[in-house]
Every structure is written in C-alpha cells, then in structure tokens.
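Here is the structure we will look at, set down as structure tokens.
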Amino acid sequence: MAKQQEAELIFIPFPIPGHILATIELAKRLISHQPSRIHTITILHWSLPFLPQSDTIAFLKSLIETESRIRLITLPDVQNPPPMELFVKASESYILEYVKKMVPLVRNALSTLLSSRDESDSVHVAGLVLDFFCVPLIDVGNEFNLPSYIFLTCSASFLGMMKYLLERNRETKPELNRSSDEETISVPGFVNSVPVKVLPPGLFTTESYEAWVEMAERFPEAKGILVNSFESLERNAFDYFDRRPDNYPPVYPIGPILCSNDRPNLDLSERDRILKWLDDQPESSVVFLCFGSLKSLAASQIKEIAQALELVGIRFLWSIRTDPKEYASPNEILPDGFMNRVMGLGLVCGWAPQVEILAHKAIGGFVSHCGWNSILESLRFGVPIATWPMYAEQQLNAFTIVKELGLALEMRLDYVSEYGEIVKADEIAGAVRSLMDGEDVPRRKLKEIAEAGKEAVMDGGSSFVAVKRFIDGL
C-alpha cells in the first residue's frame with residue numbers, strides 16, 4: 001500500500017483569546033493524534049483595529065513556542081476597514097465586512113504558501129479550517145481548490161440555531177422580535193421549544209440579523225464542521241446532525257477542548273496568590289465569580305455583587321475585569337470598607353487562572369457568564385454553575401445547560417448586559433445560596449458528565465474517533 005501523503009492545514013481563527021486558545025489546542029490535538037499524517041498546521045493571524053495586536057501576537061507565539069509543527073503567519077492590516085460606527089451599531093455586521101476585506105490578504109498568503117510547493121513535495125495543503133466568523137474566506141479556498149472546514153468554538157446547540165436561521169431565511173422573514181416574551185421557536189437539535197429572548201441579541205436588529213443569516217448560509221458550503229463539544233453532553237443535537245439533514249456537512253464532535261492559559265502576559269505572582277489562598281479553604285466551600293475576558297461590568301453592578309456577597313457570608317473568589325473608562329482597579333469601585341468586612345472570607349482579583357481554579361478542590365460553585373469555554377471547563381471538573389449570561393450566544397448557552405441538559409442552576413437566562421439592567425443584590429445572593437447549599441444542584445449528573453468528557457477524548461472515545469474520521473477524510 002502506498003504511503004499516505006502528509007497534510008498541512010491552514011487555520012484562520014477569530015482573534016480573541018477564547019477562539020485563539022481553542023484553535024491552538026485543536027491544532028495540538030490533531031498533530032498528536034496522527035503525527036505521521038498531520039505534518040504542519042499554519043495559523044494565519046489577523047487582528048481588528050481596536051484589539052492590541054502586539055500583546056496578542058506575543059501571546060500566540062508563547063503558546064506555540066514548543067510546537068515545531070505549528071507555525072504562525074501574521075497578515076497585514078486591512079486597509080480602509082469598516083467604520084467603527086458600524087461596530088457600535090451591529091458588531092456582527094462589522095466583523096463580517098472586515099473579514100471580506102481580508103480576502104486579498106488571505107489570497108496572497110495562500111498563493112505564497114502554495115507556490116513554494118512542487119508536485120514531488122511529500123506534504124500537501126489539505127484545506128482551510130475557518131472560525132465561523134471567517135466563512136467569507138471559503139471563497140478564497142475555492143479559488144485554490146482547497147476544501148474549507150469550519151471550527152465551531154461554540155456548542156452543537158449553537159449549530160442548531162444556525163441551521164434554524166438558514167431555514168427561517170428561506171421564508172424571507174425579517175429580524176426576530178425580542179419584545180414578545182411568550183414566543184418560542186423550534187430549533188433543530190433541541191428537545192424543548194426555545195424562547196426567542198435567549199437568542200443572540202444581534203438577531204433583533206436588522207444589520208446584525210442579516211450578518212448572522214449570511215454566515216448561516218455559508219455553513220453548508222463547508223466540507224465539514226468541527227464542534228467543541230462531545231456526544232454525551234449534547235446527544236440530541238449531534239443525533240440530529242448525524243442524519244445529515246438537507247445534505248448538511250458532516251459534523252465532528254471533537255471536544256471538550258480545554259484552554260489552560262487564557263491570558264497574554266501571564267501574571268505568575270497573582271496566580272500563586274490566588275492558588276495559595278484556595279489551598280487554605282475547606283473543600284467545596286468557595287463560590288467563584290468570573291464573567292469572561294472581553295467585557296467589564298458596570299460600576300453599579302459591581303456594588304450589587306459586593307452587597308450580595310456580604311449578605312450570604314459564603315467564602316468567595318471574585319475576578320473583576322477592570323474598565324479603564326470607569327475604574328482602573330477593583331479597589332476603586334468596591335463599596336467603602338468592603339475588603340475589611342470580608343477579610344478572611346473572600347478574595348478579589350483582576351485576572352484569574354480559570355481552569356486551575358475550577359480544578360481546585362476548594363471550589364464548590366461557579367457564577368458564570370456562560371461563555372462556552374467556561375461551561376466546558378466547569379463541566380470538566382464537575383463544578384455547578386449559576387447562569388448569568390451577558391452577550392453574544394451566552395443566553396442560548398445558559399438555556400441549553402439549564403433547560404435542555406439539566407446541568408446548571410438558573411439565575412438568569414435572558415440577561416443582556418448592553419440593555420443596562422442592574423441585577424439586584426437580593427437576587428444574586430439567593431442564587432449564590434442555592435448554588436452552594438441548594439438541593440436542586442445536579443451534582444451526581446455533573447460528576448457523570450465530567451467522567452464522560454474525560455472518556456470522550458481518550459483512545460476509542462467518541463471525540464477521539466471523530467478526530468480520526470476528520471483526519472482520514474483529508
């Protein structure tokens with residue numbers, strides 16, 4: 001039998017930490033899975049004008065410095081980017097327009113890569129692996145006769161929503177209406193009807209809705225879709241896509257992919273301070289509050305959380321992302337005397353090493369914004385979640401893990417930070433009490449899912465097999 005040609009894959013991730021980290025971890029997994037088949041993974045990195053490019057590049061390089069088979073190519077900046085007013089009004093539309101302007105830059109990069117090869121080369125470029133925001137670049141792959149795959153850093157349930165948008169648009173319906181509290185829809189892969197109000201906020205404005213639909217329309221053009229989830233977690237959704245409805249592309253459940261390092265310029269002294277404090281706490285006694293790496297809470301909301309933590313009197317670790325417009329450090333915005341009153345009971349920090357924290361025996365609950373990476377990390381260690389979604393698809397994630405999967409405690413399902421509502425201290429305190437002391441927390445089920453997640457990526461597990469199927473199909 002002739003030796004199979006080695007493959008190179010070109011990854012184009014979305015340039016924010018959660019997406020970049022998941023992409024790097026996927027690249028490592030593919031190479032380690034079949035090192036004789038996956039020779040190289042090239043990452044084409046790009047940035048948005050308002051993101052700190054130098055920090056991100058340094059971060060990327062640190063993640064791959066020991067990975068000789070992963071290489072990084074930084075694309076030039078886009079000339080004449082869309083106006084920032086569009087981002088403020090409809091961020092999804094801005095991102096899609098920006099990616100379209102990247103087409104000539106990606107074309108040049110691919111042309112250079114491919115022109116350096118000849119027919120006798122033992123390594124061939126097998127395809128593009130695109131973040132779902134980058135689906136306009138499928139056109140560039142087609143120009144070079146390269147198949148495109150989509151890497152979905154979100155859930156299989158999110159993929160069901162994208163399939164729903166595709167079907168809905170065939171009926172030429174306008175953007176959705178959030179004001180109808182009673183309205184529910186049937187989403188592929190869901191057992192329960194889905195309330196409209198838990199869909200991404202962008203679906204309720206014309207410009208962003210059109211961008212979402214445009215992305216959904218490109219998904220069927222992919223040769224396959226890689227999803228950071230696993231069969232035991234989202235069985236109904238994966239069963240739906242296994243049936244290949246409307247000749248939809250093959251879907252590969254390749255998760256859970258966990259990201260161990262989520263911060264450029266890692267502050268080791270802060271990490272050590274946090275972990276040392278946790279070491280001194282009793283088992284399962286600490287509630288961890290963390291709301292992601294992209295957005296900061298309003299100063300008034302910070303004060304309500306602080307009041308809630310005083311009310312419940314439970315040990316806590318609270319990560320506060322600062323907002324330069326309102327406060328440069330947590331101490332500036334916390335209520336007067338708060339730190340003295342909770343001394344010995346709680347710890348407030350800026351950045352926190354989330355995976356290490358969730359893995360720590362002292363953690364007994366997690367109040368989370370419900371980013372998909374955070375959900376997978378919490379499930380991996382069997383830590384109960386109280387849901388407080390903020391933006392993007394987090395409301396749908398919250399609905400999925402509370403109502404569809406029965407794996408989390410509902411604090412809020414449809415909260416959207418940009419609408420300006422302040423959640424009051426009493427409500428937060430009640431959720432924290434229920435999370436840490438309540439009988440409704442599905443601890444046995446969480447333990448089973450944690451074990452299933454471990455088994456999925458082991459030799460012979462469902463995600464292990466899915467990765468093999470993907471590589472064999474290159």
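Heads up, the Cβ atoms here are built off N, Cα and C, so glycines get one too.
Summarising the annotation, Swiss-Prot assigns UDP-alpha-D-glucose binding site to SER293, 352-354, 369-377, 391-394 and lists similarity to another entry as the type of evidence. Residues within less than 8 Å, Cβ to Cβ, of GLY371 (UDP-alpha-D-glucose binding site) and separated from it by at least 6 positions along the same chain comprise GLY18, GLY292, ALA392, GLN394, ASN397.
When the binding-site residues SER293, GLN354, SER374 are compared by the number of other C-beta atoms lying within 10 angstroms of their own C-beta, SER293 comes out lowest. The Cβ of GLU393 (UDP-alpha-D-glucose binding site) lies under 8 Å from the Cβ of CYS154, PHE158, MET161, PRO200, TRP372, each of which sits 6+ residues away along the same chain.
Residues near GLU377 (UDP-alpha-D-glucose binding site) in space but far in sequence (CB under 8 A, at least 6 apart, same chain), listed by position: LEU258, CYS259, GLN354, VAL355, LEU358.
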